Each structure stands twice: as structure tokens, then as C-alpha cells.
């Protein structure tokens, strides 16, 4: 595994525990175990509960295994997409769980680890895969998709409403793109200088988000899992989802609202406290929604 020294700080840990309400003998499914921060906090808070942690990223799973090794009798980790969580639970002989946690953010390791391609801060290969066994990379997408399709992806997934076509055109003109800085250059050339100055975040943030979402099928996977999630919960079991942009949050909100088997616990998304944002600026865009499984609607 590559060198990595920066500590990942899990977002809204207090709120996660408050809404999940983990108890002894209960099973929590951590769908995005990442580096294990939330799972560790839950296991420390609740000495008798059990964690089933899953992630598609084999490298962060190794970090999680190290972080959770003292809880190895209560924490089981698996490399699998949360999209297939129902299959995993069936294989384990677990009919239903008592809590589901999803933290949809990119981990510090993915951002700061070498050669993952998620960052625009330094030169890396254009990868952006969370599952390193997947064949679709950002480089493949950027160099092979038609300009119109790239524009659609940047418009829809990056919410780049005004400049998606210009960015797509510059990407095509700059082909082949091989590194993250090649993509940054194309975006810089596409945007007017006043627009670059006006943006509060890095000017390439939206484009990187769009390509990452497309490469990893993030929205499709989220929709597919949330449709099944209510049937994986015992009555009284809770699902907690932390999202980091409006596309994800909208999917979570609408799924909870349309469900006949879930009672919404958060009418509005819960945001991190000012104190947490000061300590962990990446938490700023986090939005937490929670719901509880009810008997109504049947199985």
C-alpha cells in the first residue's frame, strides 16, 4: 500500500451516533466504511454492537482493518459495493440489520494518497476509480467519449450550468489528457478569467466531481441501494446518510419521502456545527438525513 500519513476525520460523528442509536446485540451495516472512522466511533460508544463494514476501495479497507483490529471480534469488513449489500447479508446469514450508515464523501486517503487522480492540487494519473478493479478510468472517459456526452456529464453531474459545453470542447481540443493537471488546464482555458476569480472553490471542482461521479456510477448505485435499504432494516432500525452535494442529497430526500416503510427523522438536513467546521473544513458541505423503519407497508 502506498505511503499515507494524513489522518481522516470522520464527519458528524456525534450526530451519526445520535440518530443511529446503536445498542448491544444490534448489527450496524456501514456501507462506506472507508478508513473506519465512523465504525470505530460506533464500536467505542456501544461495547456490545456489531459492525459489518463494506467498501469497494481495497486500499482504504486495509487502513480500516488496522484501525479496527482491536474490535476484530465485532467488526467484519468486506470488499464489495453497497449496491450488493443485500447479497452479502444473505451470504452471511444475516436476515436484517438494525442500522445502516452511508458516508458518501471521498476519503482523505483517496484525496491525499498518491496516484488516485481525485485531486486537482498536483499531477497524478487520471484515474478517479474508487474500485481499482473497475476498467473505467477518468482518462478513458475524457479521451474517448464524444464532446456532447462530456458536456452532458459536466452539466448534470458537476452542475456546471453555464460552461459545460465550453469545458467539453476544450477537453476534446486538448486530447490526449493523461494527468489531473491536463484536465485542470482544459478547464482553465474554457472558463473566462472573471469566472475563475469569482468562484469560491477551485475552478475545476465541478468538472472533477462530474467525472468522478460518472466513473464510479455514484448516483445510479445510490438510487439502487436506497430502493432496497428499507427492506434490509428491522422494524425500529435506522438509516443515516451523509451526502456532500445537492445531487446526492436530493436522491436521499426523495427516496425517504416516497417510502411507505420509513419515518423521516430529519425534516431538514442536519449540518455540521461551526466548531466541527473549524476543526475539519471538509465537513462544511456535509448534510445528514435519517429515517426509521416502521411496520407499515409490510415486507
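Cβ coordinates are placed from backbone N, Cα and C, and glycine is handled just like the others.
Owing to the predicted nature of the structure, the values given are computational and were not obtained by experimental measurement.
Of the given residue ranges 236-267, 268-299, Swiss-Prot assigns the label region 'Disordered' to 268-299. Around the Cβ of residue 37 (S-adenosyl-L-methionine binding site), the same chain contributes 8, 9, 10, 13, 67, each under 8 angstroms and 6 or more positions distant in sequence. Close to residue 36 (S-adenosyl-L-methionine binding site) in the fold, though at least 6 residues off in sequence, lie 53, 63, 64, 65, 67, 68, each with a CB less than 8 Å from its CB. In sequence order, 8, 10, 30, 32, 33, 34, 35, 39, 60, 64, 107 are the same-chain residues whose CB sits within 8 A of the CB centroid of 36, 37, 38, 55, 103, 110, the residues recorded for S-adenosyl-L-methionine being left out. Helix first, then strand, then coil: DSSP counts for the compositional bias 'Basic and acidic residues' (268-282) stand at 8 helix, 1 strand, 6 coil.
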